[in-house]
Each structure stands twice: as C-alpha cells, then as structure tokens.
Amino acid sequence: MPSEVKSLNEECGIFGVWGTPDAAKLTYIGLFALQHRGQEGAGITVNNEGHLTTKRGFGLLTDVFDSPNAVDEMTGQAAIGHVRYSTAGSNLLENIQPLPFNFSDTQFALAHNGNLTNAISIRKNLEDRGAIYHSSSDTENLMHLIRLSQEDNLDDQMKEALNIIKGGFAYLVMTKDRLYAALDPNGFRPLVVGQLPNGAYVVCSETCALDAVGAEFKFDVQPGQLIKIDASGITVDKYTDDTQLAICSMEFIYFARPDSDIYGVNVHSARKRMGARLAQEQPVENADMVIGVPNSSLSAAMGYAEESGLPYEMGLVKNQYSARTFIEPTQALREQGVNMKLSAVKGVVRGKNLVLVDDSIVRGTTSRRIVKLLKDAGAASVHLRIASPPLRYPCFYGIDIQHVRELIAANKTIEQMREIFGADSLGFLSVQGVIDSVNLKTDAPNKGLCVAYFDGKYPTPLYDYEEEYDRDQAQLQSMR
Ligand SMILES: O=P(O)(O)OC[C@H]1O[C@H](OP(=O)(O)OP(=O)(O)O)[C@H](O)[C@@H]1O
Ligand SMILES: NC(=O)CC[C@H](N)C(=O)O
Ligand SMILES: [Mg+2]
C-alpha cells in the first residue's frame, strides 16, 4: 500500500436510482461525487427489465470504468453502486461491492456502508448449519439472513434480517422489481433520498451526490427506517422502534464532503464553527496568520481565522494527484525532505508565527511532517491546533481503525505529542465543542453524535469486538 495514501481512511459511499433511463451512467456520476469515501474498489449493478448485471473492480471509479463503453453498455432503468474502503474482509475482488447474488428464482445486489459488529458470530452460526459464503466481507450476512427468513414476503424477510445484524449499516438492496434502503438503529452513517426532475428516486450517502446528478433533496433516512422504491413509488417503513440517533461525529469533522448537508447541517459550516470554537478554547498569542492543512481542515482554519481576527493564508499546498501515485519516496529520501503530498509556501510562511489548523490526528504522521515542512521553510513558530478532540478509542461502526495502538493520542500525552511533532504548542477542541458546533436538532445524547472515539462510550454493545477491545485496553494500560 502506498505510504502517501490517506491516514484516516474513509468508509464507503453508496448510490442507487430507480426508474430512469441511463441509470448506470447516473450511478457513475453519483459515485464520482462520493469517491472521497472509498478508493480501494468500485462497482455498479444495473437492472435491465428485471435482469441484474454487475461490473466491479479494484481502484478508483475511473480505473474500473476505464472507457466510455464500460458504462454505456450497462443499459437499464435502475442501478446501485458502491465505492469501497474495506473495514471487514480484505481488499479482494469478491469483497468489492455491489455483491451480486444469483438464485434459481431471482437475483439480488447489495451495497453497504458501515461495519457489522456481529458478522463473525452470524457467519459461524450459519456455516455450522451449512451456509456457503462467497466473500469474506461482513456485508454478505444480510443476504443469507433474508433468504433464511421464514416470513412469507420480502418486506418482512428484510425486516427480520435487519433486526438480527448489529453495528453500523446503510444498505441498498436491489432485486429485479424493487430497491430497498435501510439504516441502522443509531444512524451511524448518513443516507439521503432525492428525486430527479423525471420523478425517479435516488438514495445515496451524501447530498453532494444528489447535486451531482441534478436530484432534489427529499429527506434524510432516519435510524431504523426501511425504504422501498418500486413501480408504484416510494414507501417509508421501519423495521424497529428501538432507535437513537448517534451519527458518526467524524462525518462532520473529516469524512463528508464540505458541500454536503447531514440532517440539515452543512458540513463546511459545521467545520467552520468547530474552528471558531477552537479559537476560543485554544487561542494563540502574537500569531501572524492561520493556515490550514489541505484539504479537509481548510473550513476549520477559516473559522479559526475569522474568530481570532487573524489573516487566513495559504501556507501549504497539496498535490492534487498524490492519491493516484503508487511510487513512493523511500525512508531515506523522505529524511532528505522528499515529500510528494504537501509542500510549504515558503514566501508566505518565512519568518512568521503560524497557527496551523488540522481537523484530526490519527497516527500523527501528517502533523510530524507538516510542522517540519513549515519549520524547514523558515516559519518562526508553529502552533498546532486540532479541530477535534484527541482520538483515543477505536471505531467499530465503519472506520478502519480498530486498534488503539494505532492512535497516537491513546499512547501519548498532549505534551509528548507536541514534542514528537516539534510544534511550539499544541491544543485540541473539546468534545462539547464538537457537539455544540454541529448542533443537530435532537434530544438524543450528545445531540445525536457518536463521540466514542474521544470518550470510549459506545452507543451499542460491541458484540464480536468486545473481547478484542478489552484486550487492547488492557495492553494499553500496561504500556502507560
Ligand atoms: O495523524 P495522521 O495519521 O496523519 O492522520 C490525520 C490526517 O489525515 C487526514 O487527512 P488526509 O491526509 O487523509 O487528507 P485530506 O485532509 O486531504 O482529506 C486528516 O485530515 C489529517 O490531516
Ligand atoms: N467502509 C465501509 O463502509 C465498508 C463496508 C463493508 N464493511 C466492507 O468492508 O466492505
Ligand atoms: Mg487532512
């Protein structure tokens, strides 16, 4: 894996459309707007008069659909698609989604964003009873549970299956005559419904994909809902009442695109408010300017600058093509200052006292590199400010960090981190600062946000991950 890839990996994007010509092409365009959510693999399943065909492969959407014909030949009136970053089951072709299933009586295709916390035990249980899995992905479990259900219609089979799986899931399930969308009881992942000018419905991870295909936003799918779209239109149903919103706060901090709205909150504006709150909580005296770390922290840096009355400057630039390179500098070259991703703008930062705003620290790789870059470029001082609290606990609902040993803030104090990064000072936003800045309109705990990565308080039992989590925590205690 190239070392210049993202440190904090995203967690899959899904897109589905029902009842329109060029469904596969629209899905391609929608997925293109969701590419930031996953770059390991991509795929589209098209439904042509009830016949489902899937094309999927490794890499970016443009790697999988590498000629105009690749999408044009997928004719049909409905489609679902997926861009993947794996959380369960490695980066193998059979795990790339949509997962296609051909039964003697029908066909299905599944696309999933999130991570199931009881996938291992469901699989073990079903394999003991003779089930044969196609993939090593957690996603596949839903298909087995639907087919094993004794309910007499597909709506009820879906509901039964959705009540058995646990954890984080936004699912799209397409059959020959309908498209289902379902969200887990905590709504860990965003999922929205929109409508095209011709009346066709779209369901996807973020509103930026609705904008990309010219669809009008209709509503956010709510925790526990099961949506059905078919020839007779859209039906909004639910599979459980036992729900409580706990959407991933990292969606607002880092994952989602700034032009997306989640539950009515614009992501860029939420980040700006986090930056402004950070300026109040962690001010810097005698600074000359605020700079952000492209791309995701620029909104927070703008908010910090506005609140503190300091100029917002471009002190770092990011090479737009860095995500696409598989050729990386060796460690020796890196030590000589070779950097393929970020560069300092020397003419701006030389001799200046900088407030450097990033949105998060995961392994600490970025912070270490950029403080050095800026100092090498002649910055007089670098005060690092992070627009989120220290990430100390793993996520089991769809982000790929599952071990605390990977998280620098779980192992080091703030002063130790400051020293490792070579920064002149280091400060983080409080958990309450995140909650107040996002400010979702709900009575749920933490105003509807999951902040478990910061406080270790998970909104659900961890099921199959419980033992591993306890072991990790014990190991961490012994290291302290
Ligand atoms: O502590 P680390 O392990 O280095 O991870 C944290 C960094 O990773 C993310 O940015 P990323 O490089 O993924 O790119 P982006 O900001 O352009 O989305 C995040 O915004 C931080 O900058
Ligand atoms: N990041 C995700 O949402 C991943 C979906 C699914 N768990 C997979 O591994 O493919
Ligand atoms: Mg970043």
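Count begins at 1; order follows the chain as displayed.
Cβ coordinates are placed from backbone N, Cα and C, and glycine is handled just like the others.
Its own atom aside, the Cβ of Cys12 (active site, nucleophile) has 27 Cβ atoms within 10 angstroms in the protein chains shown. Secondary structure at Cys12 (active site, nucleophile), taken from DSSP and collapsed to helix, strand or coil, is coil. As annotated by TrEMBL, active site, nucleophile applies to Cys12.
As annotated by TrEMBL, Mg(2+) binding site applies to Ser296, Asp358, Asp359. Close to Asp359 (Mg(2+) binding site) in the fold, though at least 6 residues off in sequence, lie Ile253, Tyr254, Arg271, Met274, Val293, Ser296, Ser297, Ala300, Ile386, Ala387, Ser388, each with a CB less than 8 Å from its CB.
Feature annotation from TrEMBL assigns domain 'Glutamine amidotransferase type-2' to 12-232. Along the domain 'Glutamine amidotransferase type-2' (12-232), the predicted structure has mean pLDDT 97.
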Consider only the recorded positions Cys12, Ser296, Asp359: which of them have a Cβ under 6 Å from an atom of ligand 2? Write none if no residue does. Cys12
List the recorded positions Cys12, Ser296, Asp358, Asp359 whose Cβ sits under 6 Å from any atom of ligand 1, in sequence order. Ser296, Asp358, Asp359
Neighbours of the Mg(2+) site Ser296, Asp358, Asp359: Cβ within 8 Å of the Cβ centroid, same chain, sequence order. Ile253, Tyr254, Gly292, Val293, Ser297, Ala300, Val357, Ser360, Ile386, Ala387, Ser388
Length of the line joining the Cα atoms of Cys12 (active site, nucleophile) and Asp358 (Mg(2+) binding site), in Å: 23
Taking only same-chain residues 6+ apart in sequence, whose CB is under 8 Å from that of Asp358 (Mg(2+) binding site), what do you get? Gly292, Val293, Ser297, Ala300, Thr366, Ser367, Ile370, Leu384, Arg385, Ile386, Ala387
Counting every protein chain present, what is the number of Cβ atoms, excluding its own, within 10 Å of the Cβ of Ser296 (Mg(2+) binding site)? 23
